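Presented below is the structure to which this report refers.
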Amino acid sequence: MADAARKPLVAGNWKMNGLAASAPEFVRIVGGHGALKAKVDLMVFPPATLLTSFATATRGSSVLVGAQDCHAKPSGAHTGDISAEMIADVGGRAVIVGHSERRADHGETDAVVRAKAEAALRAKLVAVVCVGETREERDAGRATDVVGRQLAGSLPDAATAATVVVAYEPVWAIGTGLTPTVADVAEMHGFIRAALTDRFGEQGAATRVLYGGSVKPDNAAELLRAQDVDGALVGGASLKADDFLAIARAAIA
Ligand SMILES: O=C[C@H](O)COP(=O)(O)O
(Lines of atoms letter the chains of each structure in order from A and count residues from 1; the text may use other names and numbers.)
(Lines give C-alpha, C1' and ligand atoms only; values in the text may rest on other atoms or scores of the structure.)
Protein backbone atom coordinates (compact mmCIF):
# COMPACT_ATOMS: atom_id res chain seq x y z
CA MET A 1 0.00 0.00 0.00
CA ALA A 2 1.33 3.36 -1.00
CA ASP A 3 1.86 6.09 1.54
CA ALA A 4 -0.89 8.67 1.11
CA ALA A 5 1.74 11.21 0.04
CA ARG A 6 2.77 9.05 -2.93
CA LYS A 7 0.16 8.91 -5.69
CA PRO A 8 -0.11 5.40 -7.12
CA LEU A 9 1.29 4.88 -10.60
CA VAL A 10 0.44 2.05 -12.97
CA ALA A 11 2.68 1.82 -16.02
CA GLY A 12 2.36 -0.49 -19.01
CA ASN A 13 5.51 -1.67 -20.78
CA TRP A 14 4.56 -3.00 -24.19
CA LYS A 15 8.08 -4.29 -24.88
CA MET A 16 8.45 -5.42 -28.52
CA ASN A 17 4.72 -5.62 -29.18
CA GLY A 18 2.19 -3.48 -31.01
CA LEU A 19 1.53 -2.33 -34.55
CA ALA A 20 0.23 0.93 -35.94
CA ALA A 21 -3.40 0.00 -35.34
CA SER A 22 -2.76 -0.48 -31.61
CA ALA A 23 -2.67 3.11 -30.37
CA PRO A 24 -6.17 4.46 -31.08
CA GLU A 25 -8.02 1.51 -29.54
CA PHE A 26 -5.86 1.41 -26.41
CA VAL A 27 -6.09 5.14 -25.88
CA ARG A 28 -9.84 5.17 -26.52
CA ILE A 29 -10.42 2.63 -23.74
CA VAL A 30 -7.76 3.72 -21.22
CA GLY A 31 -7.84 7.45 -21.94
CA GLY A 32 -11.61 7.42 -21.61
CA HIS A 33 -11.37 6.63 -17.93
CA GLY A 34 -10.75 10.14 -16.73
CA ALA A 35 -12.32 9.24 -13.39
CA LEU A 36 -9.15 7.36 -12.44
CA LYS A 37 -6.98 10.38 -13.10
CA ALA A 38 -7.42 11.93 -9.67
CA LYS A 39 -6.40 8.77 -7.86
CA VAL A 40 -3.80 6.99 -10.01
CA ASP A 41 -1.25 8.07 -12.60
CA LEU A 42 -1.19 6.02 -15.79
CA MET A 43 1.74 5.66 -18.15
CA VAL A 44 2.24 3.54 -21.23
CA PHE A 45 5.55 2.66 -22.82
CA PRO A 46 4.95 1.53 -26.42
CA PRO A 47 7.75 0.49 -28.76
CA ALA A 48 9.66 3.43 -30.26
CA THR A 49 7.84 2.96 -33.57
CA LEU A 50 4.55 3.91 -31.88
CA LEU A 51 5.80 6.66 -29.60
CA THR A 52 4.59 9.49 -31.80
CA SER A 53 1.18 7.99 -32.46
CA PHE A 54 0.64 7.22 -28.75
CA ALA A 55 1.81 10.68 -27.72
CA THR A 56 -0.54 12.23 -30.25
CA ALA A 57 -3.47 9.99 -29.33
CA THR A 58 -3.07 10.59 -25.58
CA ARG A 59 -2.71 14.36 -25.81
CA GLY A 60 -5.25 15.88 -23.43
CA SER A 61 -6.01 12.53 -21.81
CA SER A 62 -4.89 11.30 -18.41
CA VAL A 63 -2.33 8.87 -19.86
CA LEU A 64 1.35 9.79 -20.11
CA VAL A 65 3.50 8.16 -22.77
CA GLY A 66 7.12 7.13 -22.51
CA ALA A 67 9.85 5.15 -24.26
CA GLN A 68 11.41 1.87 -23.21
CA ASP A 69 15.03 2.99 -23.43
CA CYS A 70 17.21 5.91 -24.45
CA HIS A 71 20.83 6.59 -25.31
CA ALA A 72 22.87 8.61 -22.83
CA LYS A 73 23.92 11.18 -25.41
CA PRO A 74 21.57 13.79 -26.90
CA SER A 75 22.48 13.03 -30.55
CA GLY A 76 25.23 11.55 -32.67
CA ALA A 77 26.44 8.50 -34.58
CA HIS A 78 24.61 5.76 -32.64
CA THR A 79 22.77 3.68 -35.19
CA GLY A 80 19.48 2.33 -33.96
CA ASP A 81 19.37 4.37 -30.76
CA ILE A 82 17.11 7.24 -29.77
CA SER A 83 17.96 9.98 -27.29
CA ALA A 84 15.98 11.31 -24.35
CA GLU A 85 15.68 14.61 -26.20
CA MET A 86 14.14 12.83 -29.20
CA ILE A 87 11.60 11.17 -26.91
CA ALA A 88 10.66 14.51 -25.40
CA ASP A 89 10.49 16.04 -28.87
CA VAL A 90 7.61 13.77 -29.90
CA GLY A 91 5.67 14.24 -26.68
CA GLY A 92 7.17 11.50 -24.50
CA ARG A 93 7.22 12.32 -20.79
CA ALA A 94 9.12 9.37 -19.36
CA VAL A 95 11.58 6.62 -20.20
CA ILE A 96 12.32 3.20 -18.72
CA VAL A 97 16.02 2.59 -18.07
CA GLY A 98 17.79 -0.51 -16.83
CA HIS A 99 15.03 -3.00 -17.53
CA SER A 100 16.45 -6.46 -16.88
CA GLU A 101 15.86 -7.36 -20.53
CA ARG A 102 18.16 -4.47 -21.51
CA ARG A 103 20.67 -5.39 -18.81
CA ALA A 104 20.70 -9.04 -20.01
CA ASP A 105 20.27 -8.65 -23.79
CA HIS A 106 22.48 -5.59 -24.22
CA GLY A 107 24.96 -5.98 -21.38
CA GLU A 108 23.87 -2.75 -19.70
CA THR A 109 25.81 -2.13 -16.50
CA ASP A 110 24.71 0.03 -13.58
CA ALA A 111 26.98 2.80 -14.92
CA VAL A 112 25.27 2.67 -18.32
CA VAL A 113 21.85 2.72 -16.69
CA ARG A 114 22.83 5.69 -14.54
CA ALA A 115 24.07 7.61 -17.60
CA LYS A 116 20.73 6.95 -19.30
CA ALA A 117 18.82 8.06 -16.20
CA GLU A 118 20.91 11.25 -16.14
CA ALA A 119 20.04 11.77 -19.82
CA ALA A 120 16.36 11.42 -18.97
CA LEU A 121 16.62 14.11 -16.30
CA ARG A 122 18.57 16.34 -18.70
CA ALA A 123 15.66 16.07 -21.18
CA LYS A 124 13.08 16.63 -18.42
CA LEU A 125 11.71 13.09 -18.68
CA VAL A 126 10.75 10.95 -15.71
CA ALA A 127 13.24 8.08 -15.44
CA VAL A 128 11.71 4.73 -14.47
CA VAL A 129 14.79 2.91 -13.18
CA CYS A 130 14.45 -0.88 -12.98
CA VAL A 131 16.20 -3.16 -10.51
CA GLY A 132 15.74 -6.80 -9.56
CA GLU A 133 17.51 -10.02 -8.76
CA THR A 134 17.68 -13.31 -10.69
CA ARG A 135 16.37 -16.59 -9.29
CA GLU A 136 19.91 -17.75 -8.57
CA GLU A 137 20.69 -14.56 -6.69
CA ARG A 138 17.53 -14.89 -4.57
CA ASP A 139 18.17 -18.56 -3.86
CA ALA A 140 21.70 -17.66 -2.75
CA GLY A 141 20.27 -15.11 -0.30
CA ARG A 142 21.76 -12.22 -2.25
CA ALA A 143 18.58 -10.46 -3.43
CA THR A 144 18.95 -7.35 -1.29
CA ASP A 145 22.70 -7.13 -1.96
CA VAL A 146 22.05 -7.18 -5.70
CA VAL A 147 19.21 -4.68 -5.58
CA GLY A 148 21.16 -2.42 -3.23
CA ARG A 149 24.10 -2.42 -5.62
CA GLN A 150 21.85 -1.70 -8.60
CA LEU A 151 20.19 1.20 -6.78
CA ALA A 152 23.51 2.69 -5.69
CA GLY A 153 24.98 2.40 -9.18
CA SER A 154 21.97 3.21 -11.35
CA LEU A 155 20.32 6.21 -9.69
CA PRO A 156 21.60 9.70 -10.48
CA ASP A 157 22.63 11.92 -7.58
CA ALA A 158 20.10 14.48 -8.80
CA ALA A 159 17.15 12.08 -8.48
CA THR A 160 14.03 13.52 -6.89
CA ALA A 161 10.57 12.15 -6.23
CA ALA A 162 9.28 14.09 -9.23
CA THR A 163 11.94 12.94 -11.66
CA VAL A 164 12.62 9.30 -10.79
CA VAL A 165 10.47 6.22 -10.21
CA VAL A 166 12.05 2.93 -9.11
CA ALA A 167 10.62 -0.33 -10.44
CA TYR A 168 11.47 -3.51 -8.52
CA GLU A 169 11.16 -6.42 -10.92
CA PRO A 170 12.51 -9.80 -9.81
CA VAL A 171 13.85 -11.21 -13.07
CA TRP A 172 12.38 -14.65 -12.38
CA ALA A 173 8.87 -13.19 -12.08
CA ILE A 174 8.89 -11.43 -15.45
CA GLY A 175 6.62 -13.10 -17.99
CA THR A 176 6.61 -16.37 -16.03
CA GLY A 177 3.35 -16.20 -14.10
CA LEU A 178 5.42 -16.56 -10.92
CA THR A 179 5.32 -13.86 -8.27
CA PRO A 180 7.06 -13.37 -4.94
CA THR A 181 4.95 -13.68 -1.80
CA VAL A 182 3.39 -10.47 -0.55
CA ALA A 183 5.77 -10.69 2.42
CA ASP A 184 8.79 -10.90 0.08
CA VAL A 185 7.52 -7.94 -1.96
CA ALA A 186 7.00 -5.90 1.21
CA GLU A 187 10.44 -6.83 2.52
CA MET A 188 12.20 -5.79 -0.68
CA HIS A 189 10.18 -2.59 -1.04
CA GLY A 190 10.99 -1.74 2.57
CA PHE A 191 14.67 -2.29 1.81
CA ILE A 192 14.44 -0.07 -1.29
CA ARG A 193 12.58 2.63 0.65
CA ALA A 194 15.28 2.63 3.32
CA ALA A 195 18.04 2.87 0.69
CA LEU A 196 16.26 5.75 -1.06
CA THR A 197 15.67 7.61 2.20
CA ASP A 198 19.28 7.12 3.32
CA ARG A 199 20.61 8.60 0.11
CA PHE A 200 17.98 11.16 -0.87
CA GLY A 201 16.30 12.08 2.43
CA GLU A 202 12.76 13.41 2.06
CA GLN A 203 12.92 13.04 -1.72
CA GLY A 204 13.77 9.35 -1.31
CA ALA A 205 10.89 8.89 1.12
CA ALA A 206 8.55 10.42 -1.46
CA THR A 207 9.90 8.51 -4.49
CA ARG A 208 7.47 5.99 -5.92
CA VAL A 209 8.54 2.34 -5.97
CA LEU A 210 6.62 0.07 -8.34
CA TYR A 211 6.43 -3.71 -8.32
CA GLY A 212 6.72 -5.51 -11.67
CA GLY A 213 6.63 -9.17 -12.69
CA SER A 214 3.54 -11.13 -13.75
CA VAL A 215 1.09 -8.54 -12.41
CA LYS A 216 -2.40 -9.50 -13.66
CA PRO A 217 -5.91 -8.32 -12.85
CA ASP A 218 -6.40 -11.28 -10.51
CA ASN A 219 -3.27 -10.79 -8.39
CA ALA A 220 -2.86 -7.01 -8.59
CA ALA A 221 -4.89 -6.08 -5.52
CA GLU A 222 -2.93 -8.44 -3.28
CA LEU A 223 0.50 -7.43 -4.61
CA LEU A 224 -0.24 -3.72 -4.65
CA ARG A 225 -1.51 -3.76 -1.09
CA ALA A 226 1.96 -4.72 0.15
CA GLN A 227 3.70 -2.14 2.30
CA ASP A 228 5.68 0.47 0.35
CA VAL A 229 4.32 -0.61 -3.06
CA ASP A 230 3.24 2.49 -4.95
CA GLY A 231 1.93 0.85 -8.10
CA ALA A 232 2.98 -1.55 -10.84
CA LEU A 233 5.08 -1.83 -13.95
CA VAL A 234 3.02 -4.21 -16.06
CA GLY A 235 4.24 -6.11 -19.11
CA GLY A 236 2.00 -8.67 -20.80
CA ALA A 237 -1.24 -7.62 -19.10
CA SER A 238 -0.81 -4.01 -20.27
CA LEU A 239 -1.36 -5.06 -23.88
CA LYS A 240 -5.07 -5.48 -23.18
CA ALA A 241 -6.60 -2.15 -22.26
CA ASP A 242 -9.28 -3.73 -20.07
CA ASP A 243 -6.72 -5.71 -18.07
CA PHE A 244 -4.54 -2.63 -17.70
CA LEU A 245 -7.50 -0.66 -16.38
CA ALA A 246 -8.41 -3.46 -13.98
CA ILE A 247 -4.88 -3.30 -12.55
CA ALA A 248 -5.13 0.48 -12.27
CA ARG A 249 -8.35 0.11 -10.31
CA ALA A 250 -6.73 -2.49 -8.06
CA ALA A 251 -3.96 -0.02 -7.26
CA ILE A 252 -6.45 2.29 -5.58
CA ALA A 253 -8.80 -0.34 -4.13
O1 LIG B 1 8.27 -4.15 -17.57
C2 LIG B 1 7.47 -5.02 -17.23
C3 LIG B 1 7.91 -6.24 -16.63
O4 LIG B 1 9.04 -6.77 -17.21
C5 LIG B 1 6.85 -7.23 -16.26
O6 LIG B 1 6.47 -8.00 -17.37
P7 LIG B 1 5.24 -9.05 -17.17
O8 LIG B 1 4.13 -8.29 -16.52
O9 LIG B 1 4.91 -9.51 -18.56
O10 LIG B 1 5.76 -10.13 -16.27
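Glycine residues also receive a Cβ, built from the backbone N, Cα and C atoms like all the rest.
Keep in mind that TrEMBL annotations are predicted by a computer and have not been checked by a curator.
Fair warning: this is a prediction, and the values are worked out from it, not measured in the lab.
Residues or ranges marked as active site, electrophile by TrEMBL: HIS99. The active site, proton acceptor annotation in TrEMBL covers GLU169. Feature annotation from TrEMBL assigns substrate binding site to ASN13, TRP14, LYS15, GLY175, SER214, GLY235, GLY236.
Positions of the features from TrEMBL, shown on the structure.
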residue: ASN13; record: substrate binding site; Cβ contacts under 8 Å, 6 or more apart: PHE45, GLN68, ILE96, HIS99, GLY212, LEU233, VAL234, GLY235, SER238
residue: TRP14; record: substrate binding site; Cβ contacts under 8 Å, 6 or more apart: SER22, VAL44, PHE45, PRO46, PRO47, LEU50, GLN68, SER238, LEU239
residue: LYS15; record: substrate binding site; Cβ contacts under 8 Å, 6 or more apart: PRO47, GLN68, GLU101, GLY235
residue: GLU169; record: active site, proton acceptor; Cβ contacts under 8 Å, 6 or more apart: HIS99, SER100, CYS130, VAL131, GLY132, TYR211, GLY212, GLY213, LEU233
residue: GLY175; record: substrate binding site; Cβ contacts under 8 Å, 6 or more apart: SER214, GLY235, GLY236
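Neighbours of the substrate site: apart from ASN13, TRP14, LYS15, GLY175, SER214, GLY235, GLY236, residues of the same chain with C-beta atoms within 8 angstroms of the site's C-beta centroid are ILE174, VAL234, ALA237, SER238, LEU239. Secondary structure at GLY236 (substrate binding site), as computed by DSSP, is helix.
Of all residue pairs in ASN13, TRP14, LYS15, GLY175, SER214, GLY235, GLY236, the annotated binders of substrate, the farthest apart have Cα atoms separated by 14 Å. HIS99 (active site, electrophile) has a Cβ environment of 28 other Cβ atoms inside 10 Å. Ranking the binding-site residues GLY235, GLY236 by how many other Cβ atoms lie within 10 angstroms of each Cβ puts GLY236 at the bottom.
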